[in-house]
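Visitor: One structure, pasted below without further comment.
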Amino acid sequence: MKSASVMSALAAVTAVHAGPTTTLKSQPRATELEPITATGNAFFKGKERFYVRGIDYQPGGASGNVDPLADTKVCMPDIEKFKKLGVNVIRVYSTDNSMEHDDCMNALADAGIYVVLDANNPRYSINRDDPHGSYNTPYLQSVFATIDAFAKYSNTMAFFSGNEVIHDLLNTTLTAPYIKATDRDMRAYIKARDYRKILVGYSAADVTTNRMQAAAYFNCGTDDERSDFFAFNDYSWCSTDFVKSGWDKKVKDFEGYGIPLFLSEYGCIDNARNFGEIEALMSSNMTSVYSGGLLYEYTMEPNKFGIVEIKGGQEKGGADQTGERKELKEFSAFADALKKWPAPKGDGGYTKTSKASKCPPKDDHWDVDPSGLPAIPEGAKKFFTQGAGKGPGLMGDGSQWATDQASTSTGGSAGSSGTTGGDSSTSKNAAMRGSIPAFDNTPFIVSGLALLFTLVALTVSAHGGHGHGGGGGTATGPPSDDDPGSGSESSSGTSTNSGGGDDDDYTGTRGGGSFWPGGPAYGGSSGGSGGGGSGPSNNGFNSGGGGSSTSSRNGAGFDIDEALHYRRLHGILAAVAVVVLFPVGSILVRVVPGRLAVWVHAGFQMLAWGVYVAAAGLGIYLVMLVRIPGGGGLLQNPSTRYHPIIGLVLLALLVVQPVVGFIHHRAYKKVQKRQMWSYLHLAIGRGGITLGIVNGGLGLYLSNASAYYTRVYSIVAAVMWALWMAVAIWAEIKRARKTSKAKYNPVTKTPAGHERSS
């Protein structure tokens, strides 16, 4: 098991060449704490049952990127607050394994406070999008270096191998073997380096559909594969009680669980916080199964869970956490609750024997093969004998894109010679590549391909229109030069069409409609056996006759039947793309579960992309084809040019959007939060769909469409737009709630490694 997912930088393996670990002696301190051990399903301090009664501690949150245990200006005033609260454990999410921590760790030991540490940080963690690729030598080097940095302290209680990597989407369960492999490797490294026994476990999200599968998975298999404990982050108690919160059911679910269980985060803020959770955790209702919990969190961050505010702590990205500490009202409430409900005497009814769980089978919510674990990467084996060397710290090159990773086969314990991915030469080559930032030409390739296929599609669409005679007529000879851009009655072109026409003041025909609001209705064919009506020819149009017309151009300078045919096809394709396919593709990425969502989204958007490009090609051809009496085309006439201009703008956005989406996805995989590209992708998508729907209505107005078709389009478009926006708003609300409850989490902020923003 291992660290939480995805936020990283570029591949980097320079740390692979680090030398043997230097043994660092602790500075003298007044107190040597009794190490915390695990027996059965409980923690012990010597022979006394130990309950976690602590708080989560990460001043500055994820954005601050601060190691609070490496700076006495940060930790010392907070340790005084910890003593005032009466906590016995703190959890620190992100530490710098290249720095010394003696002063802060010794001061914590003097205060009787143990520390639980996350072994990962934003640059060195398992990537949900690519768990196999991110389980590599540089990653393990950083994890092992963190162990080296803290193993010497007697108050280092435990390490977390991961935090909420597995979430509520099915594809995130695919990370489980790599987290568990890291958990295995960490315990093997502790043993190989002859450190004292330090506990290693996983901090899970409280997801109803896979909570119990995850708990069973990290406690199944051989002894070297099983975790030392299991923890999860629970925010279901919102100033309610043991039953209303559902904690009674969770206790029942975990009865008989074979390793210690505690809450790595708790503390809902939906209602006033009275911290009744402590009463429940310290009561006989829970002590036979749970071993306490950690309140989220100490410092006030943007998510509003803190009980202490640091002056200036949220300025400059949270980089400076040395300001004055101000106790909020929740501080005293939490301190009072700890005093009111102390740890119980006795053993709490714990289960004395540790037994393995049965590995959970695959199901609709758990897509994990229980048969084995990834073998440790070949390049990481040397760390067991040589040590991890100097840690890369919080600002290292990162491990997400390194090339020395585990093999695709499973099996093989840490440090074994089983099948692995890569050899030492591969590792060295990767390290050399990691030291020189590579030029990433992928966005340029994607841009070029998008532009190329757009131009090809437009060319094919435009050429497909030439030479198509509407209505079966034939036309010979060019139009007269008397009026550039329009035909004349002396044209030698001829056409014979049959059909039923009726009187029209402009053409003596009905059949084609108009190409602009208030313009004359061009006739595609005149009356048949009943005869066409006659009308004036002052605009150069022919009169209706005995069932035939003498020019398919009808004095307009272009083939009306051909134009009508392509206009109809253009409208249908554009409406399908903008009103149906694009919104549906955007909706599906938010409602389809798991990794399938990304592929469904991409498939729909590419289909819509192709359909719209075809429609745009026909639109461009119509702009070139249609001539307005008096000269000029649709773009030259103020009353007709708005629709094609908007269409061309949308086409340009269509070329840019997949490129922006690709760059957004690449960036999001590294840092796991929205950046400029994310918001640009959102703006283009939402603005483009809305503008496209509006432009469809303008197109209907331009073509003088019937009231029936206008109503149908308006209703369908309005319903689709409303549904699409409702899902988008729902997704944003859900995301905001997750963010507020995702608190500080340096290695995972979203369920999937792919930001669903399109």
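Even glycines carry a Cβ here, placed using N, Cα and C.
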Visitor: Could you check which of 433-459, 676-702 is flagged in TrEMBL as transmembrane segment?
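Guide: Residues 676-702 are the ones TrEMBL records as transmembrane segment.
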Visitor: If you count Cβ pairs under 8 Å, which stretch among 572-592, 645-664, 676-702 touches the transmembrane segment (604-625) the most?
Guide: 572-592
Visitor: Is the transmembrane segment (572-592) packed against any residues at least 6 beyond its ends, judged by a Cβ distance under 8 Å, and which are they?
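Guide: For the transmembrane segment (572-592), the nonlocal Cβ contacts are 598, 600-601, 603-605, 607-609, 611-612, 614-616, 618-619, 647, 650, 685, 688-689, 692-693, 695-696, 699, 713, 716-717, 720-721, 723-724, 727-728, 730-731, 756, 758.
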